[in-house]
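Trainee: I am attaching a structure below and will ask some questions about it afterwards.
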Amino acid sequence: MLSYRHSYHAGNFADVLKHCTQLAIIDYLKRKDKPFCYHDTHSGAGSYTIASAEMQKNGEYQSGIGKLYGRRTGISIIDHYIDLIGSLNPTGRLNGYPGSPQIMLSARRPTDRAQLTELHPTDYALLQSLVGKSKKVKVYQQDAWQGLKALLPPPEKRGLVLIDPSYEVKQDYKTIVTALQQAYKRFSTGTYAIWYPVLERKATEQFMGQLANAGVRNMLRIEHCILPDVERGMTGSGMIVVNPPYTLKADMELALPVLDKLLSEGGAGSTALEQLTEE
Ligand SMILES: C[S@@+](CC[C@H](N)C(=O)[O-])C[C@H]1O[C@@H](n2cnc3c(N)ncnc32)[C@H](O)[C@@H]1O
């Protein structure tokens, strides 16, 4: 059933938006001395090798990090993301791309904690070997939705929950709404970041409607499409952020046009930034 492997897609335009958002939220959480908890529901392998057969198969990273690496955009959240990837590639050449767990591992302070769930046996093993033995970072071969129930709320009472399914199971769209409602009841002060693909506009807007009616306050929608809706396949992606840092909307107002300019195909991209539910 689990046929999706993120190694074929790592570093693509959708990862750029997701990881820029993730890092901007982590940076905001670090403004306070108090430690935070990062919970990753669908962690993947944790890090990826550009020269691997998987990453080379479709070369998706070329539509994302490949266009940004080594650049300076003047936009702080994008530049910090590019710098972090630079720090993981000490030779200067883009040899590796971080997954969401490695972004957290690189950005966290010694006191910040992470709990990472991943079901695929191969990716779980790769993730476990990336993390190694750590008191503060725990890897679980556990179902994402079970993990949310078992591991939230964190004792820190502050943190980021990244929800990043592959949507290979259509049910994921429904499950996310229920899982978010339940997690939010137990951990209402947490920030939640949900990634979604734009594959078919009508279905995307239906999903937005379901999230908007979930009874969860303060949701920000951030979207970047590199192609018009009429094209086939994944034309864009977005992030729904619950309890976003108050700085995130303004940061994204600056970042989205720059990402669009650098990543969209033939200038045919579009962006959206809207408050989906009020505070
Ligand atoms: C999109 S990838 C995650 C990418 C990762 N968050 C990143 O940004 O680097 C989705 C991952 O979810 C895993 N997965 C799928 N269904 C799952 C489930 N029910 N519970 C936990 N992991 C699951 C897949 O094996 C895959 O590695």
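Heads up, the Cβ atoms here are built off N, Cα and C, so glycines get one too.
So TrEMBL says this about it:
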type	residues	note
SITE	Y4	site 'Interaction with substrate rRNA'
BINDING	H19, H42, S100, E118, D143, A144, D164	S-adenosyl-L-methionine binding site
ACT_SITE	D164	active site, proton acceptor
Trainee: Please state how far apart, in Å and to a whole number, the two most distant Cα atoms are among H19, H42, S100, E118, D143, A144, D164, the recorded S-adenosyl-L-methionine-binding residues.
Mentor: 22
Trainee: Between D143 (S-adenosyl-L-methionine binding site) and Y4 (site 'Interaction with substrate rRNA'), how many Å separate their Cα atoms?
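Mentor: Rounded to a whole number, the Cα-Cα distance is 15 Å.
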Trainee: Rounded to an integer, what is the Cα-Cα distance in Å between S100 (S-adenosyl-L-methionine binding site) and Y4 (site 'Interaction with substrate rRNA')?
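Mentor: Answer for this pair: 16 Å between alpha carbons.
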Trainee: Between Y4 (site 'Interaction with substrate rRNA') and H42 (S-adenosyl-L-methionine binding site), what C-alpha distance do you get in Å?
Mentor: 11
Trainee: Under a criterion of Cβ-Cβ distance under 8 Å and sequence separation of at least 6, what residues of the same chain contact H19 (S-adenosyl-L-methionine binding site)?
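Mentor: Y81, P98, S100, I103 - these are the non-local Cβ neighbours of H19 (S-adenosyl-L-methionine binding site), listed in sequence order.
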Trainee: Look at each of the binding-site residues, E118, D143, D164, and point out the one with the fewest other Cβ atoms around it within 10 Å.
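Mentor: Per-residue Cβ counts within 10 Å for the binding-site residues E118, D143, D164 bottom out at D143.
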